[in-house]
Amino acid sequence: MYFRLFIWILVSGLGLTGCSQHNPLYEEGFYVFGTLVNVSIWGVPTEQARQAVDTIAHDFQSMHHRWHAWEPGPLVDLNKAIAAGQVWTVEDNSLIFLIKQSQLFSQQSEGLFNPAVGQLIRLWGFHRNEFPDDTPLPQSTTLATLIEQAPSMADIQIKGNQVSSRNRAVQLDFGAIAKGYAIDLGIKKLQQQGIHNAIINAGGNLKVMGKKGTEPWRIGIRDPSGQGVLAAVLVSGEESVVTSGNYERFREHKGVHYSHIIDPRNGMPVRGITSVTVIDPSGTRADAAATALTVAGLSDWHRIAQQMGIKYVMVVDESATVYMNPAMAKRIQFQTQQPPKVVLTDPL
Ligand code: ADP
Ligand code: MG
């Protein structure tokens with residue numbers, strides 16, 4: 001089964017503004033990174049907005065190709081070189097950046113965010129665009145061997161653009177950070193084109209800049225237990241709202257639900273948490289953190305968030321209880337008929 005997450009952008013008056021020539025809101029979507037990307041731009045002529053979205057769509061397609069973990073391209077080439085124990089010249093600076101950022105976030109999250117576990121992700125059947133239910137589950141001995149080999153971002157050495165790994169079991173998969181980095185780059189690109197009020201939403205990885213006229217942007221966070229909106233949050237300036245969810249992309253085998261987020265400590269898909277939402281100025285960091293905190297689970301997310309420097313977190317567990325730090329709670333407006341059970345934690 002293959003499900004995709006949509007974070008709704010709740011813009012008041014949206015329905016009224018669809019066709020007016022003087023409509024200050026321009027919205028367009030395109031499909032990339034296996035998800036729908038929506039761009040909303042406020043207050044520039046339609047033609048300028050249209051051209052800007054074309055540029056972003058083109059850039060995102062290129063990133064998708066360059067950072068892809070299993071379709072032929074520069075990352076697959078690097079992974080082959082790592083498996084062969086070779087030093088590899090990486091021409092693409094964005095890949096070098098992704099590796100360096102991932103080393104930092106991996107270290108801060110005690111290895112819970114670990115893009116070096118590409119082999120684990122492939123074993124669980126997530127290196128494909130669709131998930132057939134009949135793919136066999138990995139054998140426990142295969143998982144145990146991989147855990148023993150302990151692929152880690154710390155194994156990677158970078159000298160200029162020369163990349164090598166002292167551990168051949170490392171296989172890079174940037175699925176947990178790529179869309180966050182893409183929205184950072186996308187917002188920068190919009191700024192270069194004279195656009196300063198916009199949202200880019202890449203399947204639940206969303207970055208905002210500026211305002212919607214005189215108002216902040218109003219963002220909806222999907223209810224992980226259904227199709228509705230769990231909460232709204234007001235965002236302005238430059239800020240990212242990123243949600244990792246186990247309901248979005250997963251596979252089922254004999255009626256059991258397997259998350260695409262893997263716990264690198266035991267090689268198993270995570271359980272217990274249905275969604276984590278992180279707000280942070282950096283989309284790259286928010287994306288890495290949302291994944292790390294999903295793995296950290298109820299017992300450890302608060303400590304890992306502190307280590308990663310994250311200030312706003314909302315966690316939803318399997319029983320639909322919501323856990324938040326007080327600063328996040330101040331920003332969250334629940335939209336459900338019955339407000340959920342909320343547990344407030346210590347400040348971050
Ligand atoms: P989404 O891409 O749905 O927003 P995430 O950001 O959480 O969700 O990324 C999940 C993807 O990251 C998986 O499909 C897999 O490619 C990769 N991944 C899974 N577990 C981990 C992990 N512990 N650390 C780093 N990457 C992971
Ligand atoms: Mg992520």
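Positions of Cβ are set from backbone N, Cα and C atoms, glycine also.
Predicted automatically and left uncurated, TrEMBL annotations should be read as such.
Pulled from TrEMBL, these are the features on record:
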BINDING   A176, D287, T291  Mg(2+) binding site
Spatial neighbours, same chain, of D287 (Mg(2+) binding site) - Cβ under 8 Å, 6+ residues apart: A176, I177, A178, K179, G180, Y181, N205, S240, V242, S244
Give me the count of other Cβ atoms within 10 A of the Cβ belonging to A176 (Mg(2+) binding site). 26
If the Mg(2+) site is taken as the center of the Cβ atoms of A176, D287, T291, which further residues of that chain fall within 8 Å of it by their Cβ? F113, G175, I177, G180, V242, S244, A288, A289, A290, A292
